[in-house]
């Protein structure tokens, strides 16, 4: 199958078959990551600009490593050392970068939908590394790969997501991707952090309690409280939040005995999850990070038209 998209902005835009292709390619890319010399010439001569208007550790570093392992030239730009601090608009920044002839711009931005705007302004490929509360497609893909690693499939699974659903781009990408692949999504969180109409996104059930959501779940994905996106306080305090929506050694038993626990990071230990669960046998958090490099290699590879991976 040929991947025909110039950009990867949202999993909503991709078909089930296209998602399967990206995951399959990522599985193959892991072989490169297991070598002593972790580099192939696939994107030699290509230039990738990582343009991050929001802070990031895992995603930015992972995209940089992914590009370098495919032999691309990678350039990192942060707002603190860009012309954005002098009032330059996103459109002008994009046009100036485009004049330097990059092949791919990987961007993270606080405004939802900013990548669609950027895509209309530039001719190179755009990959969304997170836009506001809209989507985070690479995180959704790496989560699906991590789940598939354990169960060998994605269809027929009960996936619980607990936390700040309203402000979570990870939640939206996972809902879009996992429901297309046949999983059932169960959501739990404070009513102030649950978006109205979220059930319309697919096979989604909003639960009144955390227990209802994670009861007999195959996968439990805990989400961070997005305080930087909340215009006002949406909960009394973190202790109260943890009491009702934190994952601990007792309530993790509500899920299936072989259930996997995941978190997109960064983790607030003692709030979303106790250290016992973070570091426990059911935790696949570091596996998510590991899979992130392979998934982002696959994304870069396909928006550049594919080719041979040697």
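Positions of Cβ are set from backbone N, Cα and C atoms, glycine also.
Residues 58, 59, 136, 139, 265, 266 are recorded by Swiss-Prot as carbamoyl phosphate binders, and the candidate that the same record lists for that site, out of 12, 30, 108, is 108. In terms of Cα spacing, the binding-site residues 86, 169, 224 that come within 10 Å of residue 139 (carbamoyl phosphate binding site) are 169. For residue 59 (carbamoyl phosphate binding site), the nearest of the binding-site residues by C-alpha distance turns out to be 169; the candidates were 86, 169, 224. The full span of the recorded carbamoyl phosphate binding residues, 58, 59, 108, 136, 139, 265, 266, taken as their largest Cα to Cα distance, is 16 Å.
Only 224, from the binding-site residues 86, 169, 224, place their Cα within 10 Å of the Cα belonging to residue 266 (carbamoyl phosphate binding site).
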